[in-house]
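This report concerns only the one structure given below.
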Amino acid sequence: MADAPRTVLISGCSSGIGLELAVQLAHDPRQRYQVVATMRDLGKKGTLETAAGEALGQTLTVAQLDVCSDESVAQCLNCIQGGEVDVLVNNAGVGLVGPLEGLSLAAMQNVFDTNFFGAVRLVKAVLPSMKRRRQGHIVVVSSVMGLQGVVFNEVYAASKFAMEGFFESLAVQLLQFNIFISLVEPGPVVTEFEGKLLEQVSTAEFPGTDPDTLSYFRDLYLPASRELFHNVGQSPQDVAKVIVKVIGSARPPLRRRTNTRYTPLIALKAMDPSGSLYVRTSHCLLFRWPRLLNLGLRCLACSCFRTPVWPR
């Protein structure tokens, strides 16, 4: 007798990784999953429903969920049969990039409200049921910026560092209840949203920022960032494939990076526990040797660094 499908609740499915993951799980050939694909604004569900095709209403349902609202989370769980979630995928997130002096505290708080407290809110909601049943899997879409700081991404990186520390700590306790936590750590992901964001910040004023810092951001960081996305970036489909493997694993890993081409960029931090090697090298590459940085990024795009296909 086949096992009953596992209920998978995914946040942030209007586009990008969340959308691709929901569709891939819903089209699982063995029909192992019943996907609840959520988003804050149901007015944006059209792309997901089109991509889901015949799976819509069968192995995939769309629901409203604002991870920043206790009421919205409760309403969403009430719509799930039995209110029981077998796999929770914390994917909803927002970005923030730019010179620190030009960013408002309200914008910073919004990043933490969504990226960190939104994930915590969902976990608190599903954990009692998972503990009672002594089974469950919590997947967190983190980032390599949860492993290393990146210039002009201080607030976003801080939110991901918070997620990494929180869920690593929680993982120890939850093993006692046969509940697994997996932190999935993508590098740059090429989406329409990212392209628009880079264009918007390239002309933003960032009031309160000194001319030198603004010049560094526009003339050094933004070109390097575009080069990074072009040479090292993954598609949402590729990241989703890795997450599907993680969800289907008999013993899910605590951490899984999705892009081996990014590995050399985080190796410097591992090589020097003091952190000085990473900070000084990053500083020199961005501010003194930008041409060398661009050359290095192009080298990372060669086939020897391509992301492998993880075995089933």
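Glycine is no exception: its Cβ is also placed from the backbone N, Cα and C atoms.
The annotation active site, proton acceptor is assigned in Swiss-Prot to Tyr156. Tyr156 (active site, proton acceptor) is surrounded by 23 other CB atoms, counting those within 10 A of its CB over all protein chains shown.
DSSP gives Ile17 (NADP(+) binding site) a helix state. If you look up Swiss-Prot, you'll see Leu9, Ile10, Ser11, Gly12, Cys13, Ser14, Ser15, Gly16, Ile17, Gly18 marked as NADP(+) binding site.
The feature substrate binding site is assigned by Swiss-Prot to Ser143, with sequence analysis given as support. Taking the Cβ of Ser143 (substrate binding site) as centre and 10 Å as the limit, one finds 27 other Cβ atoms among all the protein chains shown.
Residues or ranges marked as transmembrane segment by Swiss-Prot on the basis of sequence analysis: 87-107 (among others).
Taken from Swiss-Prot, the feature transmembrane segment covers 138-158 (among others).
Annotated transmembrane segment per Swiss-Prot: 170-190 (among others), in sequence order.
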| query | Which Cβ among the binding-site residues (Leu9, Cys13, Ile17) has the fewest C-beta neighbours inside 10 Å? | reply | Leu9
| request: Take the C-alpha atoms of Ser15 (NADP(+) binding site) and Tyr156 (active site, proton acceptor) and report the distance between them in angstrom, rounded. | output: 19
| note | Filtered by Cβ under 8 Å and at least 6 apart in sequence, the residues in the chain of Ser11 (NADP(+) binding site) near it are Gly18, Thr38, Met39, Leu65, Val67, Val89, Asn90, Asn91, Ala92, Gly118, Leu122
| task | State the Cα to Cα distance, in Å, between Leu9 (NADP(+) binding site) and Tyr156 (active site, proton acceptor), rounded to an integer. | result | 24
